[in-house]
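Engineer: Would you mind keeping the following structure in view while I ask a few things?
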Amino acid sequence: MKTLTLNPIAHIAGEVHLPGSKSISNRVLLLAALAKGTTEISNLLDSDDVRHMLSALTALGISYQLSACRTRCTLVGNGGVFNQAEPLSLFLGNAGTAMRPLTAVLAACQVDVTLTGEPRMYERPIGHLVDALVQWQADIDYLGDVNYPPLRIRGKPLQGGHCLIDGSVSSQFLTAVLMVAPLLAGDSVIEIQGELVSKPYIDITLALMSRFGIEVENQDYKRFLVTGNQCYQSPGQWLVEGDASSASYFLAAAAIKGGTVKVTGIGKHAVQGDIHFADALAEMGAIVDWGDDYISVTRNELRGIDRDYNAIPDAAMTIATTALFAKGPTVIRNVYNWRVKETDRLTAMATELRKVGAEVEEGEDYLKIIPPAQLQHASIATYNDHRVAMCFSLVALSDTAVTIEDPDCTAKTFPSYFTEFNKLSH
Ligand SMILES: O=C(O)C1=C[C@@H](OP(=O)(O)O)[C@@H](O)[C@H](O)C1
Ligand SMILES: C=C(OP(=O)(O)O)C(=O)O
């Protein structure tokens, strides 16, 4: 197996222009494909998750042109639902932002599609989404375990109406039903059961739908009203914000061993909830500066904090390794759904943090991390989880090297991560 050893880094400083947001890239591609008109997308992310969405759209008959660096894309919209006479099989890797929205949209298209993915995708639940779509008479079968992909979808026009959806495991299920709702024949009322998790991702969905001409009435994240029989309208041009989750590693590195690091491509008005990772760093003691198109962080003494991270589950993982450099314990609360992401992230982070010397308490939905007096070298298993690999690069900001197993797993969202990280290291 390939490994990457990062030697101790004495100082971190510089500027990073962030690759495009994964969440926005995959949403924009799908909405542009369903829209009337042509969309010119810039700062599109080029990563595995986005490639899976692009290949699915190709198979669904969408044409687009990508620039050589694959970060600019001109896509001609379909002007409504997809229509493919031949049965299709779409491989979506482990991309939740492709699997979930495509399940909902394809249920309302004239298609007969099988959605497949990597083995881990078959362990990531999708039952709450399927249960919601079935209330609209969608025809979806589980080809393996009940409540998990792979799925066979025999799409057809759907009427809409009332649907109840469980929001307690993933917001991507609600994102998916919201995105398809305007394409249904009648109006829809989508009601949330349980406490909705990862709420800021719904804000991203609603903001993007609005830019594509569709307004949704959000009644306090409990009920959503969507008018049916509409068509998305291309906004023409679209600049994808930088990825706020990817920013977290550089900002944390500055807080630990800066210097100052400035990330550009996101700023105080960004639509992604993960920009508020910087608030957590500020609470730990880091100096944070917000601009219209940048966030910068400068080192300061860090102290451990106890905080609820339900709104920012991805960036929250970065707090777990930042905690190794803080004074006192850090508690990361309300992140139960870490267990159903790329790996069981609560167990994975606890296991790997212990390897570098931390004392860790793993609860059902939280981690408590007590940093060691001295970090120790370890070979970090990454569980095919890009974020585990990126988080543990921070261990090199000590007197100790760190070895990252399978560093190429960052390709899911950030293929050039280690190159960018090295550029800041002095
Ligand atoms: O909608 C999105 O773009 C995402 C929502 C979040 O998932 P959950 O809603 O499952 O927490 C997040 O973890 C994921 O990386 C991207
Ligand atoms: C949870 C993640 O991915 P996905 O979009 O596949 O859910 C992630 O990127 O951390």
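Here the Cβ of each residue, glycine as well, is placed from N, Cα and C on the backbone.
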Engineer: Please state which member of SER55, SER198, SER296 TrEMBL lists alongside LYS22, SER23, ARG27, SER170, SER171, GLN172, ASP314, ASN337, LYS341 for binding 3-phosphoshikimate.
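Structural biologist: The record-listed residue among the candidates is SER198.
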Engineer: Note down the number of other Cβ atoms within 10 Å of the Cβ of ARG27 (3-phosphoshikimate binding site), including every protein chain shown.
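Structural biologist: A count of 24.
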Engineer: Please go through the binding-site residues LYS22, ARG27, ARG124, ARG345, ARG387, LYS412 one by one and keep those whose C-beta falls under 6 A from any atom of ligand 1; give the result in sequence order.
Structural biologist: none
Engineer: I want to check the contact list for GLN172 (phosphoenolpyruvate binding site): same chain, sequence separation of six or more, C-beta distance under 8 angstroms. What comes out?
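Structural biologist: Looking at Cβ-Cβ distances below 8 Å from GLN172 (phosphoenolpyruvate binding site), excluding near sequence neighbours, one finds GLY96, THR97, ARG100, PRO101, LEU129, SER198, TYR201.
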Engineer: Looking at 3-phosphoshikimate and its recorded binding residues LYS22, SER23, ARG27, SER170, SER171, GLN172, SER198, ASP314, ASN337, LYS341, figure out the farthest C-alpha pair and report it in angstrom, whole number.
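Structural biologist: Max Cα-Cα spread across the 3-phosphoshikimate binders: 21 Å.
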Engineer: Return the members of ARG27, ARG124, SER171, ASP314, ASN337, ARG345 (the recorded positions) with CB less than 6 angstroms from at least one atom of ligand 2, or none.
Structural biologist: ASP314
